Every structure is written in C-alpha cells, then in structure tokens.
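Working notes for the structure below.
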Amino acid sequence: MESHPHNKTDQTQHIILVHGPIIIGAGPSGLATSACLSSRGVPSLILERSDSIASLWKSKTYDRLRLHLPKHFCRLPLLDFPEYYPKYPSKNEFLAYLESYASHFRIAPRFNKNVQNAAYDSSSGFWRVKTHDNTEYLSKWLIVATGENADPYFPEIPGRKKFSGGKIVHASEYKSGEEFRRQKVLVVGCGNSGMEISLDLVRHNASPHLVVRNTVHVLPREILGVSTFGVGMTLLKCLPLRLVDKFLLLMANLSFGNTDRLGLRRPKTGPLELKNVTGKSPVLDVGAMSLIRSGMIQIMEGVKEITKKGAKFMDGQEKDFDSIIFATGYKSNVPTWLQGGDFFTDDGMPKTPFPNGWRGGKGLYTVGFTRRGLLGTASDAVKIAGEIGDQWRDEIKGSTRNMCSSRFVFTSKS
C-alpha cells in the first residue's frame, strides 16, 4: 500500500485500516448507528470535526430549547430516556441522554477530525477518508452521519453586508433574548426556531418582527393534552392521510382561528402530506401564536433588501432595526468533502427518496437525511446496522478474520 502526502511540508502521512465502518459525525445519527452496529457485533470508528458529541445541540442551539415532540418519539435505538425525564426534555437533558448513550455503548469518537475529502477507491474496494491532520482512514464501508443540518444556511438577500446597526446573526449563534433586551429585532424565518426565538425575545422585553415569506402550517403542540404528532401517527394507522390532515387543520382552526388574518397563510396541501412530499415540517406552537394575536410579535412579508439601518419588504414597507436574526435553517455539507458518485444531489441530500435514501452503493450509507427528525434517524440506523451486520457475518464465515485493525506510518521519500 502506498501513500502520497498532499502536504509536502509534512513528510509523514498516517494510514489507518479500520476494522468495520467509518462513520462521519458524532451527533445523534452517528451515535445511533454505532450503537446499532455494536449490537450486531460490528465495530465502527466515528470521526467528528468538533471536540464533543452532538456539537450542534451543544453549541448551536438557544438556551430555552426543548424537544418539540414527546420523548418517546425522540429516543435513539436500544436505550430509553430516563423515566424521570419530563414529557418534553430540555436541551441539557437531551444532551445528558446522548452522553449516557455514548457511555452505555462505549462509543469513543475521534474528536477534532475534520474530514477534507472521502472517495471510493475501486482498485482496492475501500473508501479512503482523509482528515485535515494528514491521516487517511480506509474501510469497506462509509456511513455519512453529518445529517441535513450540518452548516447554517443564509438565504440570498441583497444588502446583508450593508447593515451597520447592531448584530446580524444566524439562529445558531442565538442563545437568549437577554442580549437583545429592549431592541427592535427582525427575525427572518418562521419555522419552529423563528417562532420560538421571537417568543423568547418578547420575554426579554424586545420587539420582534417575524418575516413570513411563504405559506406555513402552524399546529398546536398538543390536542386536549395529547401530542398533536402522536394523535396524527395514531390516526394514520386507520385513516387515509388526507383525512388525518383535515382533522389536524380542524384542531388548528379551533385553537388559532383563521391564521390568514394574522399574516400566516396556510398551504393548500395538508401538513402531513406536505411533510411527506417536501420534508417541510409544520410549526408546533409553544406560545408564539398568542403573542402574534396580541401584536407583541409583528408579522412582516418577505424581505426585499437589507439596508444600512434595517430592511425593505416586498409590500413596500421599510423599517429600521437594531439587530437581525436569520432563523433560516441549516444545510448539508456533504458536497464539500464527498468526492465522486451520484448518490447525493448538489444540495447534499440523497437522490433516492425516503424511505430508501439510507443505502447508496459500494458500501456507502447515509443516516439523518430523512427530514423526519430523530424518528427517521433511528429508522436509518437500524436498517444500516442490519445490512452491514449481515455482510460482516458473511465475511466472518468466509474466513476474512484477517481484516483486523492496522496502523501504518509511511514516510515520503520526496
């Protein structure tokens, strides 16, 4: 086996032959897949670019965050949440669960391993994964667990660099409304994050203006004390999807009235059908709707342009703001490092639609790209572990026990 260092100033390149799959990402997706593989007797190696597990949850989320779904819909495979956890665990409780999950399954990711590129080598039948520290990892299997929310997404809005007021940040940098106290804040994006950040701003005596560019479904988080999501999942077992959607919209109308009057136009497609077709989730209200009705959260149309002091809007209005927060979601970063192949789109999502997007070719797998949250992650992890577990067992039966963990250090002669 030969090695050709990319960095000629560093004369040594490490090549590591991995005993089992390489998993990229130590978030919930990577942890769940590693645990499921372990339960099938398959070892794995997780490479994580940050210095901890679940770095997105740990450092890129706001303080008041709680799971929007009940905990039994958010558990990872093979380990329940502690019984004493509340129905909707907090961010810190979820992080503690993930830490205990990693400890329980003895998952030890290699941290601060930023993958520069990964490509399949047809001559050897191995995936070659190169990290920033001049190390190359080789395996027959590559599992992409970086997910659909790897990097912050900013929409293309003219003038963003012109703004000279206060802060202009992505929601991933937002922690609490305390730093925006008494400010007039523009919140761009009306998903769950945008709604909840606006709620938090009001509670810290700020004045949020929430941009709603497109149609959006807003549902109550609970119906008569029962999770709306849970009600929907139960009804789908015996009723057609469109009937379930009609029921959910009836409950929403009873809770909020006609949201069009508030500037929140509903899509023509029902919430569950829209989720299945586009992956766009409905907003589950945790208190923002009452503040919108009272006028404490003001709804604005789409932003046409960011100005030096604020923004111009599609309806012709122009307003000044002290700060701007982009609650515009995240994007996959797969295209920046995965080389070759046509399994992913240019946006970094599997071309094969749910529920079959977890399997690529030549030992490539993906987990966390279903647009179905932690439920989708758990489903992917179980399927991947099942398929690789079968391949692993067949290899053992075929006397391939000599594929053991090996470490080689090559020194360039150039």
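Every residue gets a Cβ built from N, Cα and C, even glycine.
Residues or ranges marked as FAD binding site by Swiss-Prot: Gly25, Ala26, Gly27, Pro28, Ser29, Gly30. Here Swiss-Prot flags Gly189, Cys190, Gly191, Asn192, Ser193, Gly194 as NADP(+) binding site.
Shown here: features listed in Swiss-Prot, placed on the structure.
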residue	record	DSSP (3 states)
Gly25	FAD binding site	coil
Gly30	FAD binding site	helix
Gly189	NADP(+) binding site	coil
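Cβ neighbours within 10 Å of Gly27 (FAD binding site), excluding its own Cβ and spanning all shown chains: 25. Around the Cβ of Asn192 (NADP(+) binding site), the same chain contributes His68, Ser281, Val283, Leu284, each under 8 angstroms and 6 or more positions distant in sequence. Taking Cα separation as the measure, Gly30 (FAD binding site) is nearest to Ser193 of the binding-site residues Gly189, Cys190, Ser193, Gly194.
The number of other CB atoms found within 10 A of the CB of Gly25 (FAD binding site), across every protein chain shown, is 29. Put simply, Ser29 (FAD binding site) is 26 Å from Gly189 (NADP(+) binding site) when counted between their Cα atoms. A Cβ within 8 Å of the Cβ centre of Gly189, Cys190, Gly191, Asn192, Ser193, Gly194, the residues given for NADP(+), is found for these other residues of the same chain: Ala171, Val187, Met195, Glu196, Ile197, Val283, Ala327, Thr328, Gly329.
Take the Cα of Pro28 (FAD binding site) and measure to each of the binding-site residues Cys190, Gly191, Ser193, Gly194: the nearest one is Ser193. Taking the mean position of the Cβ atoms of Gly25, Ala26, Gly27, Pro28, Ser29, Gly30 as the FAD site, the remaining residues of that chain whose Cβ falls within 8 Å of it are Ile23, Leu31, Ala32, Thr33, Ile46, Glu48, Ile53, Ala54, Ala145, Thr146, Gly147, Val367, Gly368.
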